[in-house]
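S.K.: This structure is in C-alpha cells; I'll ask about it shortly.
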Amino acid sequence: MKLVMVSGRSGSGKSVVLRVLEDLGYYCVDNLPLPLMDTLLEQLKGSTDLVAISVDVRNMPEQDKEFLKQLANLPKGTELLSFFLDSSDEVLLKRYSETRRLHPLSRTKTSLKEAIEHERELLEPVSKMVDHYIDTSNLNIYDLSDKIREILLGSVDKELVINFESFGFKYGMPVEADFMFDVRFLPNPHWEPELRPMTGLDEPVQLFLSQQPTVNKFIWQIENLLATWLPHLERNNRSYLTIAIGCTGGQHRSVYVTEQLAKLFANSKHKIQARHRELSDD
C-alpha cells in the first residue's frame, strides 16, 4: 500500500494537494489524528492500494520522537511518501485576511499574526523530517497541482476524460455540459419513413447523414474547435469535459454526430466516452 501524508502550515495548500491526490485515485482523509492511522490502513487493506491523509497542527504529537515512532510503526508493506507545505508568514496572513477563515490556533485573545507564528514554531521540526518540502508562497493552485503530479508521476500530464453526450432538446438540456452544440438545423432522418424507427447507431441512418455536406462540415468545425482549445483546457487542470450534442428527440442527428466525434478523438491521449442520454433505457 502506498501512503501519502500531507502536513504543513494552515493556508499553505494542503486541501489543494488532497484534491490532486483524489484525482489520481487516492482514498483521501482530511485532518486524520495520527493515532487512528493504523486503524484506517487496516480497514482499507484489500480495497485500495493508494491512501492519502492530511494532518494539521492540532493532530500532530507534541514530541518529535512520538511522531517518528508512529510513522515507524506503520503496517508492514506500507510505502510512505510525505509532503510538508509552507508559506511565508506574510503570504499566510494575506490569504487568511482574504478568505476570512479562522486559523486553527486562533483563540479569543490570540491574533491571526500570533497564531501563524505559533504554528510555524510548532511545525518546524516536522518540516525537516519529510520527503518533500514545498514552499507555496509564490505558487498558485495550478502550479502546486503540477508540482505534486510531477513528483508522483514524473510528469505534469493529467488524464482528461472527454464525454461526448447526445440528447434531445424536447427532454431538457444536460446541466453538466461544458460545451453544447445544437444540430437541429441539420437534415433530419426522422422525415424519411424507412429511417424514422431507427437511431443514429444504425447503418442506414449513418449512411444518410454521412452523405449530407452540412453534416460533415459541422462535424469538421466542431473537431477543429475542440482540437484548438483542448490544450488550454488541460492547463486549467480539468478532470472532465462534457460535450453535449442536441437534436429534437435525441434519436438520429445528435447520436450520429456524437459517435463521429468520439471516433475522431479516439486515438488522442485523452480518455473518450460516448453516451446517448435518450437511448440509455433501450
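Using the three backbone atoms N, Cα and C, a Cβ is placed for every residue, glycine included.
Pulled the feature table from Swiss-Prot, pasting it below:
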{"type": "BINDING", "residues": "Gly8, Arg9, Ser10, Gly11, Ser12, Gly13, Lys14, Ser15", "note": "ATP binding site"}
{"type": "BINDING", "residues": "Asp56, Val57, Arg58, Asn59", "note": "GTP binding site"}
S.K.: For Val57 (GTP binding site), which of the binding-site residues Ser10, Gly11, Lys14 has the nearest Cα in space?
M.R.: Ser10
S.K.: Where's the emptiest Cβ shell within 10 Å among the binding-site residues Arg9, Lys14, Arg58?
M.R.: Arg58
S.K.: Looking only at DSSP and grouping its letters into three states, which state does Ser15 (ATP binding site) belong to?
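M.R.: For Ser15 (ATP binding site) - judged by DSSP and reduced to three states - the answer is helix.
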S.K.: Asp56 (GTP binding site): which of the binding-site residues Ser10, Gly11, Ser12, Gly13, Ser15 is the nearest Cα neighbour?
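M.R.: Result: the closest of the binding-site residues to Asp56 (GTP binding site) is Ser10.
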S.K.: From the centroid of the CB atoms of Gly8, Arg9, Ser10, Gly11, Ser12, Gly13, Lys14, Ser15, the recorded ATP site, which same-chain residues not already listed sit within 8 A by their CB, in sequence order?
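M.R.: So the extra residues in range turn out to be Asp56, Leu85, Ser87, Thr136.
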S.K.: Whole-number answer please: how many Å between the C-alpha atoms of Arg58 (GTP binding site) and Gly8 (ATP binding site)?
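M.R.: Pair distance, Cα basis, whole Å: 11 Å.
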S.K.: Could you check the binding-site residues Gly8, Gly11, Gly13 and say which one's CB has the fewest neighbouring CB atoms inside 10 Å?
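M.R.: Result for the binding-site residues Gly8, Gly11, Gly13: minimum number of other Cβ atoms within 10 Å at Gly11.
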